[in-house]
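As recorded in TrEMBL:
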{"type": "BINDING", "residues": "Q17, F18, G19, V20, G21, F22, T68, R270", "note": "ATP binding site"}
{"type": "COMPBIAS", "residues": "113-139", "note": "compositional bias 'Acidic residues'"}
{"type": "REGION", "residues": "113-145", "note": "region 'Disordered'"}
Amino acid sequence: MTEMQDDSQSTSELIGQFGVGFYSAFLVADRVIVTSKHNNDTQHIWESDSNEFSVINDPRGNTLGRGTTITLVLKEEASDYLELDTVKNLVKKYSQFINFPIYVWSSKTETVEEPIEEEEAKEKEEETDDEAAVEEEEEEKKPKTKKVEKTVWDWELMNDIKPIWQRPSKEVEEDEYKAFYKTFSKEHDDPMAYIHFTAEGEVTFKSILFVPNSAPRGLFDEYGSKKSDFIKLYVRRVFITDDFHDMMPKYLNFVKGVVDSDDLPLNVSRETLQQHKLLKVIRKKLVRKTLDMIKKIAEEKYNDTFWKEFGTNVKLGVIEDHSNRTRLAKLLRFQSSHHESNLTSLDQYVERMKEKQDKIYFMAGASRKEAESSPFVERLLKKGYEVIYLTEPVDEYCIQALPEFDGKRFQNVAKEGVKFEESEKSKESREALEKEFEPLLNWMKDKALKDKIEKAVLSQRLTQSPCALVASQYGWSGNMERIMKAQAYQTGKDISTNYYASQKKTFEINPRHPLIKDMLRRVKENEDDKTLSDLAVVLFETATLRSGYMLPDTKEYGDRIERMLRLSLNIDLDAKVAPTSCMIRKFSLPNKLKGKGGLQYF
């Protein structure tokens with residue numbers, strides 16, 4: 001020891017071997033005193049102030065019998081560690097699950113029975129009435145006592161909760177998992193699901209993961225930037241940290257659990273741990289096991305509870321986690337035209353697909369009612385195709401991140417690309433209609449709606465609506481445009497938002513609709529008719545609204561509707577609004593409101 005004390009490098013090495021945990025005592029203590037007694041040796045005292053140390057025989061003799069005590073002489077600014085609650089909290093946080101019992105000398109208040117003094121007993125007897133005295137004589141005499149509260153000091157066991165993850169999962173009862181979860185997470189409800197496993201390979205660790213029964217408060221507040229403290233890392237049962245950005249991906253920020261590994265060093269810093277290669281291996285295995293756990297939740301419980309609480313997390317996972325996208329896609333649930341209230345999975349949708357159907361059809365809207373009443377789904381529903389309804393803002397992003405599912409590509413029915421298998425006869429009929437309506441289509445594209453649309457075509461998807469506005473495959477649907485504009489208002493101007501929003505779209509018309517048929521007739525008669533042009537623009541603007549888009553100029557739209565109403569009611573377009581003077585009328589006010597003249601004019 002003396003030789004090492006003279007060699008600073010050797011001293012540094014000694015400290016490393018002695019333990020960073022022990023040396024850290026000097027962060028709060030001016031001096032550390034270790035008193036130790038071995039069976040076959042005298043009692044010694046080792047004392048150090050971190051700069052130097054001394055070892056002497058204990059002048060008090062053998063006071064321990066056997067064992068070791070460590071005394072910290074705390075720094076003035078570290079006096080908080082003299083508080084009993086502080087010590088208890090430290091032990092519970094960092095050493096709650098280590099194998100060795102940890103006791104803290106603490107006090108508690110107990111109610112005990114004490115004998116009543118003679119004088120006090122005499123006073124009490126005098127207060128007793130005669131009837132009570134007779135009853136007392138009949139009873140067997142007992143020593144008189146009273147209840148008093150006393151402060152009792154004793155050793156309190158701090159780590160009485162056993163690390164159940166160290167036991168084989170077959171030996172742990174379900175009630176034990178539930179009890180551990182409630183203690184560990186400070187939750188009152190049972191977990192929705194849990195998984196207990198041992199991972200082996202490049203790194204070996206044991207873990208228990210839980211899905212809570214309800215979403216934590218503020219689950220998406222500061223999403224991605226807020227650290228998750230639900231996964232606690234232990235090394236050899238000693239708590240290291242729960243201060244992580246990357247232990248679990250952002251979308252699994254609701255999962256709670258413990259990870260215990262013997263392969264990580266105890267003295268690793270939190271900063272180093274974030275970059276530790278083994279941590280990335282642990283993360284990968286945790287994600288896979290979490291998805292396995294979620295997949296095993298019973299279908300009814302999954303749809304009724306899990307999806308309601310954590311459905312958005314799964315959708316975000318599809319967007320963010322490329323390596324697990326296929327697994328996550330199987331967990332997705334959506335509303336669909338197949339059932340009014342029950343959710344459907346993509347697997348179930350594919351099972352119900354019609355013969356020769358090669359695409360998964362979906363329609364996005366602000367609500368189910370909006371989606372299912374859209375003109376885009378009319379013919380699909382009529383022909384018996386199932387349509388998935390996307391009603392949450394994140395839904396369309398989620399589907400866009402999925403190139404396909406089970407070999408089937410997704411088709412947004414509000415965009416180009418919706419085609420139906422047709423017979424030779426149907427094809428001939430369609431071609432004949434295209435030739436018949438060519439004058440109207442050309443007039444719309446080149447004249448009436450020249451600056452508003454990319455092209456005008458006959459629709460294969462409309463049955464009841466006269467027309468619809470269809471985006472290109474890479475353009476925005478009406479639902480996406482609404483979402484993106486709302487985000488742009490919150491974050492400021494965005495060039496890409498203006499670019500996509502200003503893209504021209506395809507104007508599809510229904511050749512079987514009476515309005516469209518009459519327009520064709522009138523175009524053939526006189527394509528320069530101003531009323532006809534107004535009608536075309538009104539149809540376009542109405543289709544814009546019904547297709548989920550927003551009008552850039554609502555005043556102009558309102559003026560145009562007014563002109564159409566005037567024409568339909570045979571009111572002159574130049575007829576003026578009656579002057580204000582014609583609207584003046586005389587009336588009497590209540591007495592308490594009358595002015596000097598008694599009458600007021602408005």
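Using N, Cα and C of the backbone, Cβ positions are placed for all residues, glycine too.
Heads up, TrEMBL stuff is auto-annotated, nobody curated it.
F22 (ATP binding site) counts 12 other C-beta atoms within 10 Å of its own C-beta, drawing on all protein chains shown. Mapped onto three states, the DSSP output places F22 (ATP binding site) in helix.
On its own chain, T68 (ATP binding site) has V34, T35, S36, K37 as residues at least 6 apart in sequence with a Cβ closer than 8 Å to its own Cβ. Secondary structure at T68 (ATP binding site), as computed by DSSP, is strand.
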